[in-house]
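Accompanying notes for the structure given below.
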Amino acid sequence: MLYCGKINRTNLQIDYLQKIYFEKSWAWWLNHMGTFVVFIIGFFGNMLCLIFLCRRPFIRNSYTQYLIALAIVDTGAIFFETITALDDLYQYQSKDRRALIQHTIVSCKLFYYIRFIFYSMSSWIVVALAVERLVAVKYPLWSKHICSVTNARRIILIMFLFTMAIQSYHLVIKGLDCSSSSKITTKLNCRCKTLLGYATIDIIFTIYIWRLVLMTLLPLIIIITVNILIMSKLFNKNCLIDHTNRVNNARRKVVLRYKVSRMLVIVSTIYLLFHLPGSTLEVVKFLLVHAFRLCDLKWQYYIYIAQDIFDLLTNFNYGINFYLYIISSKHVRCALIHKNSIFRVSTTRSKENWRKSKTFLSSYIYSSRKPHERDINASLAGCETVTSV
């Protein structure tokens, strides 16, 4: 803000200057304290998600591959956010503004590189998941070949390699800045940040290409368009009439596919609501403060407060997906409760369930000769069987 240095400031503006650069607002404390809470909740939820989805029959579905990858990258993203929050708190409490993590040149570059890979993968896995659901719902005949487990893993691998290539500029522009205002400059006062000679490259790649295009505009356009097409298909009355004429087993598969698609539409919509406001405000803040040179410190103060709140919402998005699956999907809740749940009480109960399933299998063979009775039993079942959807 060197361009604002020659402006005569009032006492009120000086007060806001103190609040921005020397004091910490309530939103700053809320963001950092809330990040620790989100890490605990999100880490527990993502670990349960991995344990749950890696079991049969969920592991055999294509959309499950995206959910597993999403749980991994979300855990990595919230972990790096927690480390950054700890470092900020430590620097604020330290008298000499010493950093908590003493980076080397290599660790500094890798820290930013891996961190931004997690952020990018989290966004684009949600985009790929939304597109995969569109194909599964709108083109069910093609989805048998396109929406396969193998293709899902290939797409995730391609996105990972592309993200590694896009974020590789961090390996060049990041480094240690050991300049300090104190008389004694030691290695403990070095900061891991963008090197001064690469500031312009950082602005172009991080703000305009990554933040504005890859993290805001493209996900916004793709997810909104895809979700509208999916919901128009789900609420199409003609489709529901056609499904009532199907064989009972085939109809259950189609209904389950639609319920899974509805659940994933909710997940992608929550992503838009929690992630995009913070990403958009980050771009707006840069444009107002640096590009348009906004020197009104009162407005800058409120922008920083809003940014802290939106950052907490973004972090919250990294930890709530598993809870969204439970809330929005009945077959996920049923799978948690019944014998395929991860919460098995004892081996005795599992043996008892095995005997019941064996008895049920023999009774099913007998009842298969009576279609009417089989339909009644199927209608009484509280949960659908998860198949390839």
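Glycine residues also receive a Cβ, built from the backbone N, Cα and C atoms like all the rest.
Some features that TrEMBL has for this protein:
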| type | residues | note |
| --- | --- | --- |
| TRANSMEM | 33-54 | transmembrane segment |
| DOMAIN | 45-325 | domain 'G-protein coupled receptors family 1 profile' |
| TRANSMEM | 66-86 | transmembrane segment |
| TRANSMEM | 116-135 | transmembrane segment |
| TRANSMEM | 155-173 | transmembrane segment |
| TRANSMEM | 208-230 | transmembrane segment |
| TRANSMEM | 260-281 | transmembrane segment |
| TRANSMEM | 301-326 | transmembrane segment |
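Confidence in the domain 'G-protein coupled receptors family 1 profile' (45-325), given as mean pLDDT, stands at 84. If one looks beyond the transmembrane segment (116-135) by at least 6 residues along the same chain, the residues whose Cβ comes under 8 Å of a Cβ in the stretch are 62-63, 66-67, 69-70, 73-74, 76-77, 80, 142-143, 146-147, 152, 155-156, 159-160, 163-164, 166-167, 170, 210, 214-215, 218-219, 222-223, 226-227, 229-230, 260-261, 264-265, 267-268, 271, 275, 318.
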